[in-house]
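Per TrEMBL, the features are as follows:
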TRANSMEM  66-84  transmembrane segment
TRANSMEM  349-371  transmembrane segment
TRANSMEM  426-444  transmembrane segment
TRANSMEM  450-470  transmembrane segment
TRANSMEM  491-511  transmembrane segment
TRANSMEM  523-547  transmembrane segment
TRANSMEM  573-599  transmembrane segment
TRANSMEM  605-628  transmembrane segment
TRANSMEM  640-664  transmembrane segment
TRANSMEM  684-710  transmembrane segment
């Protein structure tokens, strides 16, 4: 990445001055560091033995340190201007340079099963089909990027370019083409990392689509789009007439951008890629003697409103294209704006406002609980008459009666510890990934980086999962080290094991359908190695740190004989299940945009909104679980551990029901049991992760609340 940026980004006056400043600073530091000692440090630590520095007051020296930090921040900020965050760098093309178009998997919102582009009888490149280098995230998402026979020359308009004429369609090829047209499959082309975009007009509005359909069915006939009209938007490369430094860590080379004749070399960057598909009838005889990239003998009129090339069994199909270059005012950093035009910003803000209202309501309840607790505690020290004391004791007859049972170990403590550890791990992964995505490091321009980043952060944060699980285990059993290795293993294998089981089952379905969405066997081996060679050892390291850390001591003692819980007017689990509606209310609007991105082929990029919604969700889950735990304690129900977990974790049930609703009412066209099974399987995987995250937040907040409640009140 750094090599590319050095090659393509022009140096500015600011960057050159910054470089001079940095070079002068580093050289002075090098000279000073020859006599470096604990009292004379070049890195901002003052030499207390120097007579000039002794006279300076402490505030003056602090101000100098502050100035150094400001200079360093400014330096980083200025250097940041020389790079683009979205993950790809501008590529300068000279007039006549070759532009190669790539093809991605065929996709459909009707089946959600991606297939290889060359699974259909399309033209193949002369040099043969070659796979592009793909990262882990692209392979997991089902992307298969390959070369294509479409190629252009920069700023050279071409019309009626012949591609190829297929062999007469066999019965199987004819049926497959009809099936893909019925299932509304889209062809996805890529030029200079930009997907081909298609504009259609409907009811006075322009609609944007990525890719174009394989064909269309009109009455009982099937038509294929065999002529493509490309429009490539280019922007003139803006560069000052100065030498450009290009190099690696071993050396650098100064290359001038001025041509041999003294004039600046013209160059262009691709800032847009549009396609208009047409169905054009080609005479089979006129294409017999033509070779690829020859000019078609008769004029071709591309009219997207009419179709003419009907496919028939035992008849060939001819493919042609034309390309037109248009100079645009769109600058290179803004070229993704056409794909990422935000619609519905008011809806996002409405979702956040709705969440804030719920949080304020719950915060008021929590505040009342804390004020009552503090007031009761303070009245112990006030002089009251007997009548007032009797009244106070009557008021305190609820949660204070379970003082000897409130910290009794829950049922299945190892499972609770493992789930809490996994919840912390997934929450940390989500927060860090969304923060990086909101800063632009995981933009849609960098395909697969979002999934790759999530896997990386999940593995690294295995340390946190092991630490939380083992420390909670030792707290439950009052500091006993026994069994911490078993708890660490359970934390390392609980969520990944269930996820592996779900994904393996779905992968067999994809393999059976010959879809590119199926994970290759070699990638399966890589994922298992990442799990057992990186994630599990890091979780065990976190467990070891948790075993060495001091456990949290309980403020009260637990009796050997458990207290009987009085009969309740209504089942406590009913209240727990109902509590999930409040966190769901803060999430469901943003959930619609996420589901549309996953299943409708839309690009989701408003990670700033998502980060805000996630923070609000964490706050709501903590407040809901805290309030319900207090309510259970007030009715002398001391079995709060699992109930606090599922009070906020029950939001997962409502998200799964919403997913089923989305399948029935929004994905009406989803066809086939395989597609529906895939959808429900992936939804179940997502819901499990959300349940662990929200449940862990609720449980840890309730644990802190109960610990605070019984440690702040004086007990007889």
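Using N, Cα and C of the backbone, Cβ positions are placed for all residues, glycine too.
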Leading contact stretch, 426-444, 491-511, 605-628, 640-664, 684-710 vs the transmembrane segment (349-371) - CB distance under 8 Å: 605-628
Cβ contacts under 8 Å made by the transmembrane segment (523-547) with residues that lie 6+ beyond its boundaries: 136, 139-140, 421, 455, 458-460, 462-471, 473-474, 481, 484-485, 487-489, 491-493, 496, 500, 507
Selected stretch (most C-beta pairs under 8 A with the transmembrane segment (426-444)) from 491-511, 573-599, 605-628, 640-664: 605-628
Tertiary contacts of the transmembrane segment (605-628) (same chain, 6+ residues out, Cβ under 8 Å): 340, 342, 348, 351-352, 355-356, 358-359, 362-363, 365-366, 369, 427, 430-431, 434-435, 437-438, 442-444, 575-576, 579, 582-583, 586-587, 590, 593-594, 643-645, 647-648, 651, 694, 697-699, 701-702, 705
Selected stretch (most C-beta pairs under 8 A with the transmembrane segment (573-599)) from 491-511, 640-664, 684-710: 640-664
